[in-house]
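Written out below as structure tokens is the structure these notes cover.
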Amino acid sequence: MNKLVGLLVSSLFLASILIGIAPAITTTALTPPVSAGGIQAYLLTGSGAPASGLVLFVVNVSNIQVSSSNVTNVISTVVSNIQINAKTENAQTGATTGSVTVRFPTSGYNAYYDSVDKVVFVVVSFLYPYTTTSVNIPLSYLSKYLPGLLTAQPYDETGAQVTSVSSTPFGSLIDTSTGQQILGTNPVLTSYNSYTTQANTNMQEGVVSGTLTSFTLGGQSFSGSTVPVILYAPFIFSNSPYQAGLYNPMQVNGNLGSLSSEAYYHPVIWGRALINTTLIDTYASGSVPFTFQLNYSVPGPLTINMAQLAWIASINNLPTSFTYLSYKFSNGYESFLGIISNSTQLTAGALTINPSGNFTINGKKFYVYLLVVGSTNSTTPVEYVTKLVVEYPSSTNFLPQGVTVTTSSNKYTLPVYEIGGPAGTTITLTGNWYSTPYTVQITVGSTPTLTNYVSQILLKAVAYEGINVSTTQSPYYSTAILSTPPSEISITGSSTITAQGKLTATSASATVNLLTNATLTYENIPLTQYSFNGIIVTPGYAAINGTTAMAYVIGALYNKTSDYVLSFAGSQEPMQVMNNNLTEVTTLAPFGLTLLAPSVPATETGTSPLQLEFFTVPSTSYIALVDFGLWGNLTSVTVSAYDTVNNKLSVNLGYFYGIVIPPSISTAPYNYQNFICPNNYVTVTIYDPDAVLDPYPSGSFTTSSLPLKYGNMNITGAVIFPGSSVYNPSGVFGYSNFNKGAAVTTFTYTAQSGPFSPVALTGNTNYLSQYADNNPTDNYYFIQTVNGMPVLMGGLSIVASPVSASLPSSTSSPGFMYLLPSAAQVPSPLPGMATPNYNLNIYITYKIDGATVGNNMINGLYVASQNTLIYVVPNGSFVGSNIKLTYTTTDYAVLHYFYSTGQYKVFKTVSVPNVTANLYFPSSTTPLYQLSVPLYLSEPYYGSPLPTYIGLGTNGTSLWNSPNYVLFGVSAVQQYLGFIKSISVTLSNGTTVVIPLTTSNMQTLFPQLVGQELQACNGTFQFGISITGLEKLLNLNVQQLNNSILSVTYHDYVTGETLTATTKLVALSTLSLVAKGAGVVEFLLTAYPYTGNITFAPPWFIAENVVKQPFMTYSDLQFAKTNPSAILSLSTVNITVVGLGGKASVYYNSTSGQTVITNIYGQTVATLSGNVLPTLTELAAGNGTFTGSLQFTIVPNNTVVQIPSSLTKTSFAVYTNGSLAIVLNGKAYSLGPAGLFLLPFVTYTGSAIGANATAIITVSDGVGTSTTQVPITAENFTPIRLAPFQVPAQVPLPNAPKLKYEYNGSIVITPQQQVLKIYVTSILPYPQEFQIQAFVYEASQFNVHTGSPTAAPVYFSYSAVRAYPALGIGTSVPNLLVYVQLQGISNLPAGKYVIVLSAVPFAGGPVLSEYPAQLIFTNVTLTQ
């Protein structure tokens, strides 16, 4: 057969192939998804299933609009059109034993709508005890089938959302034939209520299927039917949810690409994969050890290659001379010669050779000499042959005779000795056959002798697996088996043997042909004598030759009865040459062939069947299946299961088909950003499904070769232990230092707790012949033979360019890199099992080049961690460096079938692309008034986490430093990434001046020699070129530099590019004042505490609040244009406040870099770091209007300061307290008593008092300054508020006028009550005593319309008021009820009067009250 076949030959797959006990089934492998308007059914099994016999019916309604308004109608319409056929069948014959078709009742059912998956669904409970009662089903469990339930609650038939769903009992459904609810006497319902008994006793299985009768809803058509669902059976592979066709869950996750749909109709499985199945076993409960038999076959005969492992013949059948040199097979076993003689010893000159064993026929003893022909003579065995059997004909039948060694306790293990010498040496062997001496000359060959045979044979193979499976929901057992287990696999086939004999009266000669082209000769067999000839053949394939063998030793007897009879008898013996034969591997039945002739001379021919059976070594079983053609795209596999506890064989078969897929390699899209920061890398995905070897621990497993039970046979198979690694890669690439991996003789596992958890067992581990190279720069997996000879080298080969790929250390064992596939995620039936994708993360960086770890310098290519490579290159080699990945499949089948097309090997190159770096000024023009012009270097490959710096040094060198860059524990290395080539200025007259890049010049030209990355990982760094420094170095002024061109040139080592930035230097206008506004300070005027004169006290000005701050507006359009996209600010550099008693100042000292504050006394109040004076902020980006204000405040205090009369120009003292302070960075700094700066303008006892202050302010834009004067004025503030007595009290009066308030309520004053009650408060805490001044006017002498008297008062009085500690809103005394004393008013005539009240600090003093200043009572009656 041609080895290379197509990826899928569907027509051949679907052929019915007889294997073992039943044909391959062609039913659905996996329940197909539900199409729009269709229906499907799923058996609810597995972990979390709440009961047995639950079937989920799903109708896809995605083709119509479903909303809250119509969901009830949609559910009822859909459910009313679902019909279910429930039946019972004989599991062996398929005959129907009962059937009923049911529908849902019009009410009383449980149905739901899933708004995410857009399906209507209903769960029916069919089996006891839930045939008549509902069972609750958690949404978390149902989400395995309907993932949308994880994110949204379903709606029930009433339209309400629910948190769980309930089943509809089978017994509540309506029999469509009667229109009535099915009765308990219904045979199907009766069977379902006793399903275990029915299955075990009557071989019954229960089957249900659904049909959606055709209907129209929302203008869309609905119809369809489900796959049959088997509820229970005696012991079968379930057809739901996984069907009898087994499948790998990775198939339905897109990993088969265009072949994904095969999972539903044609279950293809790649080699060495976990495949899923569900068994229904009503005989079992709890944990059951199952044995699975896998039968492999392909259509038609196969062409197989075999090689001669041994030639065994009686000495009379050997040529008199021939050349021979033993061939060493892949496992180290050597081919040998077997010479049968009657001599007790053979002689070779002076050398005497002892026999390896002997056998006896009819009393005559024959000696067997097993010899390897090599370079020396040895009396010590070089290898052994186990259980060599000779069949011989007798007069009536064929008899077997084992060849024994009487000197050995293991009498069937025959030693093989070596004879020989240098090439060309002739060995002459002498021995007898019967009584005739024979001499044979063997010349030692210069090349090994290997005889090959080719045969056309119809082959099949059988393998066994064992796994202990437990369940929480009998009778369903879900498990996983291996598609091609590493176990002893029996490969069998049928051929023929043909013989032609020439018979004479005294002797006969014959030729025997077997295995198509293997010919054995028998020369001159005398009558009544025996003659022997035979071969031992081994598979003629590099990886498995010498591991297993088939022995054919044929004995011939020439006899005379009534006819001349030439009889042949041959043994057919499977052998494992490196292992003792397994207990179940017995000699096959002998074959025989007889040639008869009534008279001689005569020539006769004959034919007889010949059997072939190889038992593979577990570690090479997969390779053997491939080499023999039994695993490939034409492979059909049937699987039977055996319940070892109940001794039951599955009634039906599971099945799957083989598939071999070539690998592919790809990268996720990437650009320069994949190579910048430490967490950036390129992901390379290698797709090689057939090579999945080592899944993650949660989905991996171990196999052990242990005795298994299958029917009445004891066989050996692979016992699967989930939870640990299957394969144990180790070893060193090459021909030496090979470590196969020691067998683990004892397993210790925890108790089984789930379907895939391990059990305790003891045995020997079989490792697949698949070991890993430990050189991470040339990471190979390779199939290596037992003697260390590599056969298939595969895996990932990596070549780094342009620098060599050296390891980070000189250690002899740097460790090897596992290519681990990803793990499948929930809701995969086997979460954690391997996917067919290997994800390899590749970092390429120059940033840690030259870093050291211990004593080792980091550079080149090395492994950072599992599945992660780092390629470290010099910065000058970074762009254009690449990693060339060559992936050779590690799967033998892929190599075998795709070798001729080369598809077994794929390539990918990951290269670092170039980028466009940029050196630029922010504007094509630069105002010369700026202190410096920004210069930006944008180089993406310089990008790194913050902070990252570039330092400029002598000659313009740029040193890159990124202290926070760490890649797998290795920090970045400071390195030179480029240099400034030149800085020049071309004047307006065309003259170009180049500035030498000396240390002094660099320090003058660059305000900061360190540029910081502006944003993490973006690679943009900001520098600044000093305009003043440029003027200094060129000895030019602003006018001379006007309209000149500044040029900077930089060379980048990483990209190899030379970058140039230019800007035109332009002289622009200075800043100018546009507007300014005065500040306002409020004072509270009162009188200094009583001084002994009741009618006079000195004025006391208490500073209370700054009600308005001084502000300025400047125009500086040129400054704004330096960065028109940003809102800029002008800085204040000096503020001097000049007042009545002196001046205070706040200024920035650019030399010291400090802000200095001095008060009105000339004292330094504070020295602050940096310029903390207020700034003027641009109103909008680029508009050039800047505005800002000074921030003054009043700091209250109790220190009363006397203001000299020389300052106030009065004849009396003036007092003040409260300090004027400036606010900087949120903190107030006192400049001195506010009254020493300014006082309100008031007239006090005929004298004018008052003064303003002036703030002299200097503003700078970094180039020029502007100074302006802004006044600060003072206002007198009167805090006392008066209000008439009212209930409830209203104080202060709401909405009262500032000056006068007339109260026209009736007031009566009697001689007994010469008082007037009012309420008094202060809007600021007022701690001093004050007077309520009362003036009384006759009503006829007061104009109430103007609020003014027309004559002098007829009475006045003063009433003292004081509250402790203070009067006022927010104090403990918010207001006072004051009785204004009017003693003596009764002396006035009775009549109508007007009383005017106001608050004064002392008698005759200024008014302290406001809102109103005067409280006027216009309706006062005085009685007598």
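Every residue gets a Cβ built from N, Cα and C, even glycine.
According to Swiss-Prot, the protein carries these features:
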| type | residues | note |
| --- | --- | --- |
| SIGNAL | 1-24 | signal peptide |
| CARBOHYD | Asn276 | N-linked glycosylation site |
| CARBOHYD | Asn342 | N-linked glycosylation site |
| CARBOHYD | Asn358 | N-linked glycosylation site |
| CARBOHYD | Asn545 | N-linked glycosylation site |
| CARBOHYD | Asn581 | N-linked glycosylation site |
| CARBOHYD | Asn633 | N-linked glycosylation site |
| CARBOHYD | Asn714 | N-linked glycosylation site |
| CARBOHYD | Asn989 | N-linked glycosylation site |
| CARBOHYD | Asn1042 | N-linked glycosylation site |
| CARBOHYD | Asn1134 | N-linked glycosylation site |
| CARBOHYD | Asn1252 | N-linked glycosylation site |
| CARBOHYD | Asn1276 | N-linked glycosylation site |
Neighbourhood of Asn1276 (N-linked glycosylation site) by C-beta distance under 8 A, where only residues 6 or more apart in the same chain count: Glu1082, Phe1083, Leu1085, Pro1240, Phe1241, Val1242
Nearest of the glycosylation sites (Asn276, Asn545, Asn989, Asn1252) to Asn358 (N-linked glycosylation site), judged by Cα-Cα distance: Asn545
Distance, Asn989 (N-linked glycosylation site) to Asn545 (N-linked glycosylation site) (CA atoms, angstrom): 91
Between Asn1252 (N-linked glycosylation site) and Asn1134 (N-linked glycosylation site), the C-alpha gap once rounded to whole angstrom: 20
Other CB atoms, at most 10 A from the CB of Asn633 (N-linked glycosylation site): 21
Residue among glycosylation sites Asn633, Asn714, Asn1134 with Cα closest to the Cα of Asn342 (N-linked glycosylation site): Asn714
Shortest C-alpha distance to Asn633 (N-linked glycosylation site) - which of the glycosylation sites Asn276, Asn714, Asn989: Asn276
Integer Å distance between the CA atoms belonging to Asn714 (N-linked glycosylation site) and Asn1134 (N-linked glycosylation site): 104
Least Cβ-crowded entry, counting other Cβ within 10 Å, from the glycosylation sites listed as Asn276, Asn358, Asn714, Asn1042, Asn1134: Asn714
Closest of Asn276, Asn714, Asn1042 to Asn989 (N-linked glycosylation site), Cα positions, glycosylation sites only: Asn1042
Around the Cβ of Asn1252 (N-linked glycosylation site), the count of other Cβ atoms that are within 10 Å: 19
Which of Asn342, Asn545, Asn989, all glycosylation sites, has a Cβ with the fewest other Cβ atoms inside 10 Å: Asn989
Rounded distance in angstrom between the Cα atoms of Asn276 (N-linked glycosylation site) and Asn1042 (N-linked glycosylation site): 83
Mapped DSSP class for Asn714 (N-linked glycosylation site), helix or strand or coil: strand
